[in-house]
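Feature annotations, courtesy of TrEMBL:
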type	residues	note
ACT_SITE	B:554	active site, proton donor/acceptor
BINDING	B:210-216, B:279-285, B:292-295, B:344-350	FAD binding site
BINDING	B:491	substrate binding site
DOMAIN	B:178-360	domain 'FAD-binding PCMH-type'
SITE	B:395	site 'Important for enzyme activity'
């Protein structure tokens, strides 16, 4: 523990802010749709748009940027290199590079932007009640854009994230970002081109082996960034989170954008974490289906048109929170040994050193934690949490009462709650239920999940429907898990530890933290700090007392502890079930696909006969995370084959870990005890 | 080059250099052709009687008799604001003496927030009672007396040798006092005297700090405050003879205490020069150049000091180190000269040097090129370096420095000249579309026989044209070089008006030059703001040397410290930050100023632990008792 402490100290500044800023933040939001409902959209689309620009910007056209990229030493180097390796003439490779760039490059065009400004105004007004933006964040961003190149790092929950963000920036007269988007968008007719003209550039989802692609792509991003031509925007999470849990970060693009600073080609770079929270996510049902193995529809324009029926639905509010721009220079100060950068020509692609990789990873996690911290939570999220602990039905009155209780806990934990203070709790909950009437219904004063609409069917169909409803609901509960995970894992550790000795509790905590580090975001390498943060928050709501040697649950604290444990039970049980599956069924090497299929049929059977209630284990997200976690824990070993990875179980370790996972967790109705 | 290193600074001196400067200055003077100015500084003996006997006493033992005790250069030479409020240079020593610079005041006000109303009047002379008393060991002095080598415990002489020309040192002279200064100053007159002194020092365990021209800008001359032993300042200025000139091999054997200007003048009398012209050459000495790895303005033709020396004799506590022959290159293990070059007085005293000489070139020509921006200018210099056709000197000033240089334009004599200037300006900014706030100027100096110079000139201007450069005349070139030798005098004037300034340098690979310049300037601006400097700082840079693989970059930094309670601490923090930035941008710790005590903090990082250990073990062997205890480098 002491060693862990030392590590934490070495890493310098605290990662989790322990101050309660919730109430202050709230009133700074401005609804940008309000203005749109009053004034002409056309005039808005045609408004004079003169964003502030980077102070050292030398203006140039997108085509000029392409030329710069193709002529850059970096790309030229790789072209020559490949020519040497393959014997191909450099001209042909150069041609190829030009093609890649054409496929990828954006061509921001004012006309397209104005088109979007107009149509998006119409669409957003149909779909959403409000789009709330924190104004102080916008001001800071405006300042930042002038000073140094800026990287925008939004959370990713929906396809509309990047349109929304560009729309917000346009509204505030800020420079539109150049956006890294998946190449699948290009498959959409017209829309793909429109997106490109609004500033999107497209990257192939996988280009690991393609050196030329990587070189062109990296140089393109760096050129745009270095010249301060436009803010660069991408998603740390890499893809939309289907579960609303923040996904573990991808480092590729972050590596690229940090490179110009690490090589001192620019003085500094600002990183801006942006949290976009949807009261109701457009793709909510799609995600749930996808998680249950119904394949994701391919992006197509006709698909988009079919989706227009959603225009008649109400998706509530959106909150966009622009975090404080962080100076990469400040973050890197004293962290990076400069020598390696000085000893290597800057234009030759170089694998980042371990030190740099570690730094990049820390930055990525830090930014994601900031995203989580600034994510606005709606009342519905609290309702979903309570509901999932009280299936199949709960009385409305009880639901309201528990929701209000949870609201207080959430605020104590620093959750950024958007609670309608002007409404009584009952109305607030009812309005949340109304907005999500596709998930829940109020029947005779009882709140129930909509899982039986189609009447009785085959058992597997029932299981599927039930799972669908629970996953749908779960995707809202998960938003709370992001910020509850530290105290909740302490709670879990308290429940399974037989003594109150801090050290034992910590070791159990560390175990669960390790197991779940693919599910939730933890700053790498500082479990002790996470533990202390968890204890601190539990102390704050009087659930525990912490002494230098011990942690006690207080009398009234047991309610909190049980509630938190119950919140995370689906994950604990899910992992237990998966281990059980592995010990019983998986005797030979298997692929991930086989694994998912196997777990699914194994657990479906259990659900059908009712021997478990853990529907969430059917989620492919949990299955994949569990597999990754088990690989990390050495339970499953992974081997690279020609056609992907194969896995095999290490029975001995499995038994050990399964034993630890199965540690006694008392099953009782947590809230009943209190009420 | 603003603050001088142990051997860096330019001035009026040798025939070649002086004549060149004369041409610069007469350009500003517009004096009638009849009143031809003498190229030699008016320094009595040396200038009037070129006999060997009188030449050997160029700098008196009491240097304060002719040099400022609290600033740069000669007592009679300084910038002042005259009654009309115009800047003017005093004295007759330099050709700019008596010349008025009408634009300087405005520049100072505009760029540094300086004001003639806010003046500090520094104390007129040393306060003897403040000076730390000498704690010289009596036994040592008795033995020293026996040797008949001149020495002194006079307070002023000791203070004079307690510092170089770092900003904080000059500031301290004006406003405070050093904690520790030498206890005794000795003036050996030949190699054997030095041997005797070092023997006595070893016998009595005394600390020796060699002193040459006193132009260090690395805190190299400061006495370590914790030094309890007697500190002897060994002033080499009286060892200034040329022993012989070997015309067959083109070498000269010279005592190491000779100042640059005297060396060049005396060689000049025989038709030769070394061509080594650091900006401090008026005062810095041959031994100082060797001890700091100095670099000269014209290194493109003559090479840096390490290329120039053929043989070095150094007295160490272990004895005398030297090579047994004067072969032009040897493969005899690591070159022992490289233990000496850059040793900064930590191993011993350089007493005699055999140095390469060249016939004085037949023809010299200045030139300048205007570029639309700094980027283009750097690209041009890079190309020149690539084609290996750099003139004797090629320097690229950034826009800030160009404007500063412009502020040093002397009063224009005729309407015609000012009209001409106006036309030139119009042509460049309006006709050619150069932005006056972006353009930058390269200054050039060509040397050689006339035909080749003209040919060479054309080649360089052709390259420049490819990068958008326009030839901008000899005048601008000359003024550029003038800036480097008056800058230290200007700093002294700034100090009277709450303006502190300093310069520092680095060397860096070509591809990082631009990024380094931009980032360092930005870092300076940012640090100044953070540290509460009330006025925007002046930070400017100049690419002063080109090499095959990189360039030397020189920074000027100045700011107005009104409103700061501890300007020196603020300044030092800013310079530290700037150095950190340089290192982070792939620049070196120093190109030619040396490490001294100012930069030793970074030496280990710069040369790796093993490299540092090597240096340490050499020191350990050569000087186990740390007789040469100035505390530089390690």
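Count begins at 1; order follows the chain as displayed.
Positions of Cβ are set from backbone N, Cα and C atoms, glycine also.
Sequence-distant contacts of residue B:395 (site 'Important for enzyme activity'), defined as residues of its own chain at least six apart whose C-beta falls under 8 angstroms from its C-beta, comprise B:442, B:443, B:480, B:542, B:543, B:544, B:545. When the alpha carbons of the residue listed as 'substrate binding site' and residue B:280 (FAD binding site) are compared, the span between them is 15 angstrom.
Long-range Cβ proximity for residue B:210 (FAD binding site), meaning a same-chain Cβ under 8 A and a gap of 6 or more residues, is found for B:234, B:236, B:287, B:291, B:345, B:349, B:350, B:628, B:630. Ranked by Cβ neighbours within 10 A across all protein chains shown, the binding-site residues B:280, B:284, B:346 are led by B:280. Using a 10 Å Cβ-Cβ cutoff, residue B:214 (FAD binding site) registers 25 neighbours.
Comparing CA positions across the binding-site residues B:214, B:280, B:284, B:346, the one lying closest to residue B:554 (active site, proton donor/acceptor) turns out to be B:280.
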